[in-house]
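**Q** Starting off with a structure, shown below.
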Amino acid sequence: MSGAESLPWWAAIPVALLLVLGGIVTLVGTLGLARLQSFYQRIHGPAISIALGAGCILLASMLYFTVMQSRLVIHELLISVFVLMTAPVVSMLIMRAAVYRDLRAAREMDPGNDAGNS
Amino acid sequence: MLLASLVLLPFLGSVLAALMPQDARNRESWLAIGVAVGGLAIAAALFPQVAAGEVVRAEFAWLPAEGLDFVLRVDGLAWVFSMLVLAIGLLVVLYARYYMSPEDPVPRFFAFLLAFMGSMLGVVLSGNLVQLVVFWELTSLTSFLLIGYWHHRADARRGARMAFTVTATGGLCLMAGVLVLGHIVGSYDLDVVLAAGDQIRDHELYLPALVLVALGALTKSAQFPFHFWLPHAMAAPTPVSSYLHSATMVKAGVFLLVRLWPALAGTPEWTWIIGGAGVCTLLIGAFVAIFQHDLKGLLAYSTISHLGLITVLIGIGTPLAIVAAIFHILNHATFKASLFMAAGIIDHETGTRDLRVLRGLRHKLPITATLAIVASAAMAGVPLLNGFLSKEMFFAETLHVGGDRNWWMSYAAVAMGMFSVAYSLRFISVFFGTPAQGLPRDPHEPPRWMRFPVELLVLACLVVGVAPGVSIEPLLHLAVVATLGEDAPAYDLAVWHGFNLPLLMSVCALVGGMLLYGVLRRHFDLARRERVPLLHRLNGAQAYETTMLQLTRGAEWLLRRVGTRRLQPQLMLMMLALLLIPLLLAGAPPAWTVIPVRGFDPIFAGMWLIGAGCALAAAWMAKYHRLAALALVGGTGIVTAATFLWLSAPDLALTQLMVETVTTVLILLGLRWLPPRIESIAGPVQPPWQVWTRRTRDLALAVGGGLALAALTHAVLVHPASDTIADFFLLNALGGGGGSNVVNVLLVDFRSFDTLGEITVLAVVALTVYALLRRFRPAPESAGIPPQQRFEGDPASRQSPAEQAGSGYLLVPGIYLRLLLPFMGVIAVYFFMRGHNLPGGGFVAGLIFAVAILVQYMLAGTVWVESRLNLRPHRWLGFGLLLACTTGLGAWWFGHPFLTTHTAHVEWPLVGELHLPSAFVFDLGVFAVVVGTTMLMLVALAHQSLRAHRHPGEDLTADGQGGAEGRRI
């Protein structure tokens, strides 16, 4: 953590803003996960956290280390790419599981449809 | 070196023979003949030294720290025996060329035969008792393989098993006896042991040593009561019977007794044990032989009887008796080998060996008949043949036993002589009478060279019988002097000694034997009798089978009583042992000192809190919610990995992360086979008090075990690190190992021998899991497709896994995961390449690569992946082990110890200078083994879920996947 005070002001302001923004977005996403009613609503919380929150924090990190080390640091781009690709796929799989669960639950509510496969 | 090559040559030949094609009968024979001739040439080259009375020795360090050297030693006795082994071996090989049918897989036969030759030479030439036992067991093993050569026949398998069990058990007794001898004398060197005869005989352990050695020798030489294996060993091809079971291997027992005669003989115990067994064998063998209907069976029992004769002579133990014993060993080898070969020719030409069918063969096989009759005459002890000479010496020796009043030994000898005349007559009866009709094959004389060995051996019988003084005397003298030293008695091998008692006994035996045969034929229906009179109840083979059955039953009983198939009791016992045994070994734990907490980090503590919470919750959920429990265990694993990372162990963290991934997939695959929860008994039922007690006990035990381990870890952590070798590794990793990643250098350089062992274990475990899973059949309730996949409301239930990934709900993840495959491959390569200097290495890279493949399996199913990727996990395993071992062996090439690392600096055109340690190649082997292991286990499990859908009788193609799943991984 040492050396943060040596950051020039023109870099410090955007880094700080991005960090705060990322933090707020993530907090909102987490609150959503905890507070929203149905599963299909709750799934949006983590999506926001991952896409926007993580994106802001990664941008801040890129900016900070680029200025601090006086060279272009873009490892975070790779992280962003993988996060941005992984998160939707995982969300899709989770949602698919939820749909499947609801379908089965609906079928069990209405036993008349279930004659063929038990 | 000459000596070593004498033993090595047959083994080399054996390897070469094994590599030849199936139908290379001629090449195999030439190779074997070459080996035998080469051996004879080497032995001949040693003759001048041996003849001068020298003991030629060659020593090689074997286990110098234990005082064990690999010693080869030739004196007269060993020389005569190796000549016997090689000469008869040469003739047998020539004979086998014509005896073996073109359909038989000859490479196996000649490989085993040559290996036997080498082992037998090893027994004969060993100058070290432990080494002798090793070769001794090798002869048992090769004999087992040769008896079971036609392993499609039940009698061959049974005979092979019986022979091996008896002789190998005897070999173990011999090993024990040798160890006792070594304890008494203080050395295993044969010369030292032989010189310490008085010390051994006076020692209190003399009797145990004698009994154990005798057990080894008597089982090998088929002496009563272990004689039963030899007739069953006749299921072997006839060349084998002729070589192993008459001329050489069964002589190993009596050879050993002669060899150890200076050390062990000369006591009443020796006479009673050896002589007693010999007398019983002699009479039983000769008597039973008369009543056999199988040509080879008759010869087998006659062999038993003659071995008994030799054993009796050794048991009598006077120097002259030893002379007679050695002489009879040589004589018996000559005539019995030729008789077996003659029996083989008869079998070969007529297609049967049944004495009840064969008649009048002299018309069709005149030359073979003449040869066999002469050899049988030698066996019967007819004058002017070699058998007569040694038998007369035997009669003369029996007269000395028991003094002037006690004649029982002489009576036994004459009775045995009569029996042997009778069975010899029975044997040659096949050549007389009217020619038999309806034989399986029309007999005619065998090829010239098939008969040649018999001719040569019969000629030897005649020459020795007529002119013993010039033919056999020098050889015999060599062996006798080597055994008896200065005690060598004066003896005379002349044919005619004048009228004396032994001659009278010979005449009695001849006349009596002929009369006996006539009486048995006329009045006792010899040709059709099914049972041996008087002795048919004495069935050693039956006793053996009963013993084996009892042993198996006993083992089953023991397993039932003390074993369990249930996991819970096993785990409980293991946990109890874990808790109690350290307490018993180390006593009570030391007083507890509270260590003040320094440097408390709330983040680290919070992380651990999460991990511990996950672990507890996993235990809580494990009973009814296995999937949840699995996810929670994964949480604990990730915390562990993060801990390693936190405490600056990135290598461990990486490995832990990958292991965690692979393990989770493994358990996920296994979850499917666990029985489902029985919903009907769910609900708040008050368990009976026994259940409650049991659960409380188990809980206490589990908590106790966990706490004890935690306490132990804590104790280790708070103790100041004493002088460990860690500092050495830290200091020398870069300088000595050429890498800055100490963990990796440790694994592939400093302790690479450990790593080699570990990857071997990995490979073994993987193969075991694979083998077990191949035979695994799930419980009936989990054999079907799980209800989740059968749910018709879901469109995916109508699709195969490949279709789901190609066009179904997995389309998007499928594209992504297939895109990921090359990335993961690159990452694996990256971690592998930088392993020597930065976190990474073969182990982690292997796991990453395996996960990359696994992901594809999980996505599109086994069938899809395997129709596109040809993975061969077995080959990965084999290739990896081979690579690691070759790297290690490469160091030998440069004269360094096994697994020494060498670093090369290579100048590459584009990359520049590349640092290339040989440990890198070793690491590549580790990588391959890890990939192979993981793939093999997980894929084997994955295949289970395909296979289980098939029910007995179900049409394979109806399953939609059945057709392709037949492929094995």
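Glycine too: its Cβ is placed from the backbone N, Cα and C atoms.
What TrEMBL says about a protein is an automatic prediction, not a curated fact.
According to TrEMBL, the protein carries these features:
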DOMAIN    B:62-110  domain 'NADH-Ubiquinone oxidoreductase (complex I) chain 5 N-terminal'
DOMAIN    B:126-404  domain 'NADH:quinone oxidoreductase/Mrp antiporter transmembrane'
DOMAIN    B:614-675  domain 'MrpA C-terminal/MbhD'
DOMAIN    B:694-790  domain 'MrpA C-terminal/MbhE'
DOMAIN    B:815-935  domain 'Na+/H+ antiporter MnhB subunit-related protein'
REGION    B:783-802  region 'Disordered'
TRANSMEM  B:77-97  transmembrane segment
TRANSMEM  B:109-127  transmembrane segment
TRANSMEM  B:133-150  transmembrane segment
TRANSMEM  B:270-291  transmembrane segment
TRANSMEM  B:367-388  transmembrane segment
TRANSMEM  B:408-433  transmembrane segment
TRANSMEM  B:499-520  transmembrane segment
TRANSMEM  B:653-674  transmembrane segment
TRANSMEM  B:755-773  transmembrane segment
TRANSMEM  B:808-831  transmembrane segment
TRANSMEM  B:843-864  transmembrane segment
TRANSMEM  B:914-941  transmembrane segment
**Q** Taking the transmembrane segment (B:755-773) as the reference, which of B:77-97, B:408-433, B:808-831, B:914-941 gives the largest number of Cβ pairs under 8 angstroms?
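**A** The stretch with the most contacts is B:914-941.
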**Q** Taking DSSP states H, G and I as helix and E and B as strand, how many residues of the domain 'NADH-Ubiquinone oxidoreductase (complex I) chain 5 N-terminal' (B:62-110) are helix, strand and coil?
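**A** Taking the domain 'NADH-Ubiquinone oxidoreductase (complex I) chain 5 N-terminal' (B:62-110) as a whole: 32 helix, 9 strand, 8 coil.
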**Q** Can you see whether the domain 'MrpA C-terminal/MbhD' (B:614-675) and the domain 'NADH-Ubiquinone oxidoreductase (complex I) chain 5 N-terminal' (B:62-110) are touching - at least 3 CB pairs under 8 angstroms, only pairs 6 or more apart in sequence?
**A** no
**Q** Which listed stretch (B:77-97, B:408-433, B:499-520, B:843-864) has the most C-beta pairs under 8 A with the transmembrane segment (B:914-941)?
**A** B:843-864
**Q** Per DSSP, what is the helix/strand/coil residue tally across the domain 'MrpA C-terminal/MbhD' (B:614-675)?
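**A** Residue counts in helix, strand and coil order: 51 helix, 0 strand, 11 coil.
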**Q** Given a Cβ distance threshold of under 8 angstroms, which distant residues of the chain, six or more beyond its ends, lie next to the transmembrane segment (B:408-433)?
**A** 279, 282-283, 286-287, 289-290, 292, 295, 298-299, 301-302, 305, 308-309, 339, 346, 355, 358-362, 365, 369, 372-373, 376-377, 379-381, 391, 394-395, 398-399, 401-402, 505-506, 508-510, 512-514, 516-517, 520, 526
**Q** The domain 'MrpA C-terminal/MbhE' (B:694-790): mean pLDDT?
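**A** Per the prediction, mean pLDDT sits at 82 for the domain 'MrpA C-terminal/MbhE' (B:694-790).
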**Q** Could you give me the DSSP helix, strand and coil counts for the region 'Disordered' (B:783-802)?
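**A** Counts, helix then strand then coil: 11 helix, 0 strand, 9 coil.
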